[in-house]
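Presented below is the structure to which this report refers.
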Amino acid sequence: MIIRLTIRDPAASTAVDAEVTAEPETLVGSLLRALPFPVRGRACYVGSDKLDPESRLADSPLVPGATISVGEPERAQPWRPLAAAGAIRVFAGPDAGRVVWLSPGSHVIGREWTDIPLLRDQKVSRRHARLDVSWTGEATVVDLGSRNGTLVGELGVQGPVPLRPDGVLQVGDDRLRWAPLPPSRLRTTRARDGHIDFDRAFSPAPAVAGTRITMPRNEIPQRNIAVALISSLLPLPISVAMAVLLKSPYFLLFGILTPITFFGTQWVEGRQRRKKEREFDQRKRETLERIRQHVVHEQWLRHVVAPDEVDLTFAATHEGPGLWPRNADSPDGLTLRVGVANEPATITFDGEPWPEFTPPVLRGVPVTVDLRQIGVLGVIGPPDPVDALLRWLLVQLGTLRAPDELRLVLITASGGEHLAWARWLPHLNVDAPVPCLVGNTPETRTERIEELKDLVTERLKAKERRVAFGEEVVVVLDGARALRDIPGMKEVLREGPSVGVYVICADQRSLNECRGVCELDGTGMLLTRGRQGLPVAVQPESLGEQAAERIARAVAPMRDRLTLARAESVIPDAVRLLDTLGLGVPDAEAVLARWAADPGPTTRVCVGADGTGPVTVDLAADGPHTMLGGATGAGKSILLQTLVTSLLLANRPDELNLVLVDFKGGSAFLPFEHCPHVVGLIRSTGDTAADVFDESAARRVLASVRAEVRRREAILARYGGEIDVYWNAGGRLPRLVMVFDEFARVLETSPDFLRELVNVAAKGRSLGMHLVLATQSLQGKLSPELKNNISLRITLRQNEPSDSTEVLGVPDAATIPSRLRGRGMIMRVGGEQRTPQLFQTGYLGDPPPTGSAPATARLTPWPALGLPRPEARGAPRASAPVPPSHRSARCCRRCPPRCRWRRCRGRRCRGPAGCRSRCWTTRPGRRSPPWGWTWAGPSGSWWRAGRSRGGRRSAGRSSPAWRRAARPRRCGCTWWSTSRAGWARTRHCRSAGRSSAAGSRTGSGGW
């Protein structure tokens, strides 16, 4: 495990950062001795806990991000008072950003110095209001006769008014929010590797949905009373005149009736009008209440969607369960709070409002930007406010998203010491070969940008195939205008957002690629969303460097149990084959026990592992033949070694034989040269004439293949041509696996080679012969007849999708990262599920160190964080000696079969003067013809030359036998050898001479 921590000496006022590599069983004393810091035997502390040198790291308080204090306990102030019941925070107004922790009791808010620091707002009275806090975290507000009054929400405070966590307290122009301690802490468990595991709760933030309100309509008709009055009084003088002229008083009744009707109508209509006015006022009050409720609810939602500093501190320090609540599927996954402002409520009004209606406004609500929509966000302005806002944005990303779903990359144009606190965020170290994904030197800047460019290029190719991306990436550029000129950065800025790579650019001036800008001027901020958006005045958020580092260190050791379970189920980056097989460090007895426990023959072997355990393939059932591809450097040689080793460990020499042919002359098969299973090992190195694999050499291999096919057909003819029936009848004909590495090269020199492989592929299943054809690129190399007989197809990483499609039928292997050497896919064409299986190839190497291995440590100053880690001591080797199968074969008295595969011999060679020379080749029957010579005459001398294991000593040992058979009593032989062991078998001769002295390099003898 790797732990990054800080070592501080309070007496000397010095501190350094270091990276420690150790095991959970390593003693703490070993770690303290390995620290690159003068400890000098002094006691060391983590916080107030003293480190016991005799304890193990798994039981110590050391976690990533911890600080070791040398000599005395650390005197760091706690991030909050222990007796605090909550915090009051000014989130809007002249005193925005001020946070005060309050203990239970009464606290006065005002411009006087009380237990709450004074407020600067001139509209706040000296003793404005009192806040009563209980032990349970409940708060109550009481106005103390302030001049401008106190509001809770939109209501004035007359007597004691409860202040809920979702409520807003307004004092003058300052708007405050009460944040009590969460009712329950985060449940955590310290793991043995130093991480702190917890159950991550996915709590998606509720969406801020708008509402539609129908405005009440005033249904009271508007009447002109003057016209109605004139109309009602006009008949009165006419009726008087008629009564006088006609001398009939009855006309007066008609004149009086009209005013009576008018006043009666007015009385009735007045009652109806007053009733409708009451109803209209009621509907207005109901509408205003609905608006008020929506405003209160939307304000609460805005604060939930965009938590403030107090909320994030609670989550990071385990006070609450809200750490990493968002995931990649959350619609607000990259929504960041940048400040507060007054914004109109999201209400749509139907109908005309009444004249005195005022549109609702959300006062002091969080203002956010969505990086997924913006893509490239610019933070421009003076350095200090820009750094404060940048710290706030990074802290949000580190506490709202988990490291397995969000990767951070930090690149600075200068030294960037003001951002050194970010090194503790685990999002900067996600399966990377460097301690942090930081570019703060010319070398590391170039490397990070090149990595980002390659990532964008790979994702653009994957996007065409509609492949989902595993994680989102946010790049922070400090000094973006200078970094923009580094090759590759422009491509990241322009193409990155479309493939999940987003950028935050911090500088004094904006970039053309920015689609959203936060422009700070020291007193406020103008936020522009999108190129067509209008600037909005916002009061920016800020965060101090000390608070940011405290939160980053608190998050550093955290690990989600779901992520841990997923990590345990995901494919490991390195798999040791012998550990997967349960052998550890095998010996002859272990191999014998394995052969006895599971007798063969078997073609089901382990080739690696995936997230569920070992991955096995059956060369007979899944095959009977195998196609294997992979780009250069993908680990194809390691996979071939793993396959051969698994076959050796699963079968005795009399159960399975191997023919290993390497057409490129590599050393992948050399460790198996002396294994009893290997009946033929052919390499084409090109070093000498005998090592060139030309057309004649290809004919030799083809002759051996044809002869082996005919031999097996003859043996199995009585058993229906099936090797399984032969084995069930008690036969002992071993299966034969022929492995051809880089076989595509021989196709250029011998076109008949492919046709012979087709013949073997057609008969291989029944005859017990299995082909493994390996090469880098298989495009156009295999005929359709041969591909139809190859059902087991394996490929490692491919550079081109077409190469992957040639093997698997899908381009998925081209998406495997180049850093994952040995990662591959298996396709079983004849299986029920014809989908590629991802796996990690097992390697043959030394086991990793176990037990209480000593710890190692190195300094990690800020400029060195982006450099690759040095190779650790005891790292597993790429290859190791093959398990001792030859010793196991001797122990069980299983002799290897007689070798029938002859190496390709060279052409006629010239020997010493006076010596007869001759070369012979293997005939199709694979038996060399008898050949002899005479000792008499000028050509009686004989010269034999050859490479190691070429039969030189066998030929030499045969010469005494020939002479002795011809004239037993009249011949003698004298020998000289640099190796006495090779002539040990000649000592049975009665006339054997005296050997050389012990220890001499040259032996001699005669008879």
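Just so you know, the numbers here start at 1 and follow the chain as drawn.
Glycine residues also receive a Cβ, built from the backbone N, Cα and C atoms like all the rest.
TrEMBL labels come from automatic prediction, so no person has curated them.
According to its DSSP assignment, Gly630 (ATP binding site) is coil. In the structure as shown, the Cβ atom of Gly630 (ATP binding site) sits within 10 Å of 31 other Cβ atoms. Annotation source TrEMBL lists ATP binding site at Gly630, Ala631, Thr632, Gly633, Ala634, Gly635, Lys636, Ser637.
The compositional bias 'Basic residues' annotation in TrEMBL covers 946-955.
Averaged across the domain 'FHA' (107-157), pLDDT for the predicted model comes to 85. According to TrEMBL, the feature domain 'FHA' maps to 107-157.
The domain 'FtsK' annotation in TrEMBL covers 612-805.
What TrEMBL lists as region 'Disordered' is 868-887 (among others).
The feature region 'Disordered' is assigned by TrEMBL to 942-961 (among others).
Annotation source TrEMBL lists transmembrane segment at 225-244. Residues 250-256, 258-259, 261-262, 266 of the same chain lie 6+ residues outside the transmembrane segment (225-244) yet bring a C-beta within less than 8 angstroms of a C-beta in it.
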Worksheet item: Which residues, same chain and not among Gly630, Ala631, Thr632, Gly633, Ala634, Gly635, Lys636, Ser637, have a CB within 8 angstroms of the centroid of the CB atoms at the recorded ATP site?
Response: Gln776, Leu796, Arg797, Arg821
Practice prompt. Rank the binding-site residues Ala631, Ala634 by the number of other Cβ atoms within 10 Å of each Cβ, and give the residue at the low end.
Written response: Ala631
Worksheet entry | binding-site residues: Gly633, Gly635 - member with fewest neighbouring CB atoms within 10 Å | Gly633
Worksheet item: Here are the binding-site residues: Thr632, Ser637. Which has the lowest count of other Cβ atoms within 10 Å?
Response: Thr632
Practice prompt. Report the same-chain neighbours of Lys636 (ATP binding site): residues 6+ apart in sequence with Cβ closer than 8 Å to its Cβ, ordered by sequence.
Written response: Leu628, Gly629, Gly630, Asp741, Ala774, Gln776, Leu796
Item to complete: Look up Lys636 (ATP binding site) in the DSSP assignment and report helix, strand or coil.
Response: helix
Worksheet entry | DSSP-derived helix, strand and coil totals, residue by residue, for the domain 'FHA' (107-157) | 0 helix, 18 strand, 33 coil
